[in-house]
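Worksheet for the structure shown next.
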């Protein structure tokens, strides 16, 4: 009798598990291990996702978490146009700066919606990229594009200048290359030759090359910038494990308090806001100097005049709003160096996002589609005139692990909110009033983290190897020395061909290109095993053959029945960015304890067994 009842319960459990699997609830499925092992693993509840990638939270929760993701990306999104404004001679043109900030919010929102709905289909936010900022600043620092003296105190500058529309055109042409690499599936070929020893100096030199911008902004008032830096460090490192009580509402508990790790989620926003408020108070009581030639004057919050009053309530960005883009060979080549770095970084973000959102590893067709959509986003950014491109935001991927909400509907809400912020003109105007020392304090932290994030890629390589130490050290040092010398000697490059001079000028003053170039050449020519180079660990996720399972299809298939149509076609399914074939169950030999597919084929239980099981 006991044997019969045990078999009945086993069959019932397997039947219900199979039914739940079909509904697509990834993170709610029970583990396949024995019940004793489940009961002993009580710590797993704290790591369980509240909402997985395919779940749809309540609408109000989507809006709240969507706002949180927007605020998390706040620092990176507004930092890029404010840095570009220096090279575009817009330091004192607050109104144009506000339009530039609104435009990058608007385009980032559109690109986020495209990526989540048609791209890789993971909850990953899109925004401006620092990988394109370095070559852009190198392009704008060319001798022929030096800012005229009259722009230093001008409140209105012509944004249809030659350098700006050439920067737009260069981004658009570079984006075509990214679209080709993504939609053709060539990203897999790129990843075979690009490893940690190429990525580490490339990403690290992005942050290191911007030290002058950070120092110039922070040096306008070292006290304010140091306070901003200290606040961000305090919130992000020392107070990150402290949860603050916030009033919340639920149907079960009604109005109650829940603890939120607000310091861990929004350290940059809190640090900037407090420093901004202190600068406003010091300005109101005239503690900060009112004379432009006195030290600390640039810490005042009233330097931009009545930009809030001048900015329109609604400003709808449109393609070509700064003028018709033009193209220069030097700009295109420089942007291509940033595009390649952005693509490789995004592939790593996709895998991290899938792991934190409860999704299977992204298949090749989803990765190809994601890179292609990012290229399309850069094309839109160039057409609208953000002065930059778009890429996946790693900090928002990290926020998924903090909030335990991996639903892509939350990121859809973030995209809609960013579009609204881009249309609402007063939002961009508010951000232009942030004093430069406050931004300098944020740059000190942000650029340092970018540099460290690049170095962290060396964990995949064997750094006990003298070969790897030489490659990394030489690449980093060359990426600092050569651009610095070229900037100090701009007339040293004189081949007799103007276009070639411009190309070399842009490339050799872009630190990330110089360091990445030497890292790529040396890593692929100096003898070394794949294990020593870190290629095996680096590409392990890309070799996963889980691209055509039922679980993968539920996450990464195209919406609105597009995948079904492509799969039924005899030839469309062979396109690199299209799902291929009919989804199959996950192979039992590859399934682990947390896999979604039962390890043995299941039959339907008899009605009598169901009745007995339910009664028990």
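Positions of Cβ are set from backbone N, Cα and C atoms, glycine also.
It should be emphasised that the depicted structure is a prediction, and the values quoted were computed from it without experimental measurement.
Distant neighbours of the transmembrane segment (58-84): 97, 100-101, 104-105, 108, 125, 127-130, 133, 136-137, 140, 210, 213, 265-266, 268-269, 272, 386-388, 393, 395-396, 399, 403, 405, 407, 409-414, 416-418, 421, 431-432, 434, 439, 442-443, 446; these residues of the same chain sit at least 6 beyond its ends, with a Cβ under 8 Å from one of its Cβ atoms. For 58-84 (among others), the entry in TrEMBL reads transmembrane segment.
Summarising the annotation, TrEMBL assigns transmembrane segment to 104-124 (among others). Under 8 Å from some Cβ of the transmembrane segment (104-124) lie the Cβ atoms of residues 53, 73, 77-78, 80-81, 317, 349-350, 353-354, 357, 359, 362, 366-367, 369-370, 372-374, 376-377, 380-381, 384, 386-388, 390, 392-393, 396-397, 400, 406-408, 410-412, 414-423, 427-428, 555-559, all in the same chain and six or more residues away from its ends.
The transmembrane segment annotation in TrEMBL covers 221-239 (among others). Note on the transmembrane segment (221-239): residues 263-264, 266-268, 270-272, 274-275, 278-279, 288, 295-296, 298-299, 435, 437-438, 440-442, 444-445 of its chain, located 6 or more positions outside it, place their CB under 8 angstroms from a CB of the stretch.
Taken from TrEMBL, the feature transmembrane segment covers 260-283 (among others).
Residues of the same chain lying 6 or more positions beyond the ends of the transmembrane segment (322-340) and with a Cβ under 8 Å from any Cβ of it are 129, 131-136, 138-139, 142, 159-160, 162, 164-175, 177-178, 190, 375, 378, 382-383, 385, 389, 499, 502-503, 505-507, 510, 512-513, 516. What TrEMBL records for 322-340 (among others) is transmembrane segment.
Among the features that TrEMBL reports, transmembrane segment is placed at 410-432 (among others).
Residues or ranges marked as transmembrane segment by TrEMBL: 438-457 (among others). When Cβ-Cβ distances below 8 Å are used as the criterion, the transmembrane segment (438-457) is approached by residues 75-76, 79, 82, 130, 196, 199-208, 210-211, 213-220, 224-229, 232-233, 236, 268, 271-272, 275-276, 279, 299, 394 of the same chain, each at least six residues removed from its ends.
Here TrEMBL flags 469-487 (among others) as transmembrane segment.
The transmembrane segment annotation in TrEMBL covers 502-522 (among others).
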Intrachain neighbours beyond the transmembrane segment (469-487), with Cβ under 8 angstroms and 6 or more residues off its ends: 138, 141, 197, 200-201, 204-205, 208-209, 458, 463, 493, 505, 508-512, 514-516, 518-519, 522-523, 526
